Amino acid sequence: MREQNFCFPEQQRACLTITPSLYDRRALDCTAPLPLLTSLMHLSLMTSSSQRVREALSVDGGLERLTHILETTSRADYPDRRSAWRWILAYHCLVNVGVRGSEQIRARVERSGGVRVIIHVLESYLKTLESVDTAAPSPSSSSMHDCHHASHSHHHHHHSHSLAADTLDEPPFREEDILLALQLLAYLSKHPSIRDRLHANYPINVFTLVERFCARHHSNTIHLWAGVVMRNGCRKDDTRGGLRRCAYLHCGRWESRPHEFAKCRRCRKAKYCSKQCQSHAWADGHRYWCVPRQPTSSASTSGNGATASTATATNAAATGNAHPLNTTTT
Ligand SMILES: [Zn+2]
Ligand SMILES: [Zn+2]
């Protein structure tokens, strides 16, 4: 795989690249910007189409390499944008592997630092929104919460440009980045063992962070995917005999026997160990993702645990895209 064009004498070796048909782990170690960019571009396509490539990345240190690229690449080198693209492509690779991978591969995505990257993306985005809110005069910031998606993103766009230039080293993350982050978490959080780690293995409870994206001022799609993650967080754990934990995130107590805790009557998803936990949780943000249960859909999906749980995130997403949760049209 030696290519004359990609020879860099100062490195005293040829740069390998990943081609549309050949994955080579070593190409990700290449430090020359253009060959690496080419590799990531091809890899982002392969990670969406090839189970073998996703498997390879999960065992050959490729995932660790991707998260390293994501954590060390500055997204700020305008105008040449090469490293901004490197970041975006590596991000797509990571999300593809997690969304399309098996449970085992998803566990590797979490272990390799993928969730650390996601937390950074989500936290930075919220920080940007907050600084936009405080920078904007109050009438416009309050209208921002009421207006719909199109005008909201216009608003945000306008402010974020001046912010990027004035106060931030790196451009703010885009809504697409947030959407991919939440989608990845929606797939990771389907699995009880990964879910536990999302609760407890990071400086912040990942569900607490995601709950902030359920608030109404986010776009419908963000709101929808954040809701999928939150509802996954309430699923029973079949590896613990079907027990659930208290859905008040600051409590998180486990049931000692199945059906011990009472369900939220409205959504019938969240369960609480006490009335106090329920009211704290409602105030914290459950009110933003509590969706009244549809009697028709629950009848058709309940009862077949394993298959239903594999399909839930995608089903919910498909339904939600067609019928955004906070509009009145159906
Ligand atoms: Zn509780
Ligand atoms: Zn509820």
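Each position is counted from 1, following the chain as shown.
Glycine is treated like the rest: Cβ placed from N, Cα and C.
Automatic prediction, not curation, is the source of TrEMBL annotations.
Pulled from TrEMBL, these are the features on record:
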- 136-165: region 'Disordered' (REGION)
- 150-161: compositional bias 'Basic residues' (COMPBIAS)
- 248-290: domain 'MYND-type' (DOMAIN)
- 297-330: region 'Disordered' (REGION)
- 297-322: compositional bias 'Low complexity' (COMPBIAS)
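In the predicted model, the domain 'MYND-type' (248-290) has a mean pLDDT of 96. With DSSP states grouped into helix (H, G, I), strand (E, B) and coil, the domain 'MYND-type' (248-290) comes out at 15 helix, 5 strand, 23 coil.
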